[in-house]
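Taken from TrEMBL as is:
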type	residues	note
ACT_SITE	65	active site, proton donor
BINDING	63, 97, 100	Zn(2+) binding site
DOMAIN	11-137	domain 'CMP/dCMP-type deaminase'
């Protein structure tokens with residue numbers, strides 16, 4: 001876990017992307033060969049990273065984004081400022097999969113920085129990536145028992 005003092009916007013974005021690139025080096029991807037890393041920035045400047053971990057039973061693999069989020073949540077964090085995703089794809093950015101978009105959505109509409117190997121990126125909000133998404137507010141409208 002890294003710690004980031006939020007200063008100039010470009011500086012924290014570059015740092016977040018660098019941490020995401022570092023994380024992808026730890027990917028376990030013997031089947032797809034697609035290395036993916038992610039870095040999640042908390043509101044107080046801590047960065048949690050994660051990588052993809054594949055499994056021979058494909059459905060049991062875990063994406064980099066969810067690994068980073070699970071690490072942060074397991075250490076008590078719930079409020080996030082941004083997330084970056086990087087891969088070893090040369091010619092395009094890597095977007096979060098649908099499951100990761102929904103998990104990110106659980107914690108708010110944060111910017112998602114999708115990067116290329118050369119360090120360039122595209123930023124989209126979670127709302128742009130997952131419009132009309134399902135969230136806890138729907139359960140509240142249904143008067144669903146709250147457990148959190």
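Cβ from N, Cα, C; glycine included.
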Check: Among the binding-site residues 63, 97, 100, which residue has its Cβ surrounded by the fewest other Cβ atoms within 10 Å?
Finding: 97
Note to self: Let me check the 10 A CB neighbour count of the residue listed as 'active site, proton donor'. How many other CB atoms are there?
What the structure shows: 28
Notebook entry, point to check: For the Zn(2+) site given as 63, 97, 100, which other residues of the same chain have their Cβ within 8 Å of the site's Cβ centre?
Noted result: 64, 65, 66, 96, 98, 99, 101, 103
Next item on the list: Calculate the per-residue pLDDT averaged over the domain 'CMP/dCMP-type deaminase' (11-137) and state the result as an integer.
Entry: 95
Check: How far is it from residue 100 (Zn(2+) binding site) to residue 65 (active site, proton donor), counting Cα to Cα, in Å?
Finding: 6
Note to self: Just to verify a number: CA distance, residue 65 (active site, proton donor) to residue 97 (Zn(2+) binding site), in angstrom, no decimals.
What the structure shows: 9
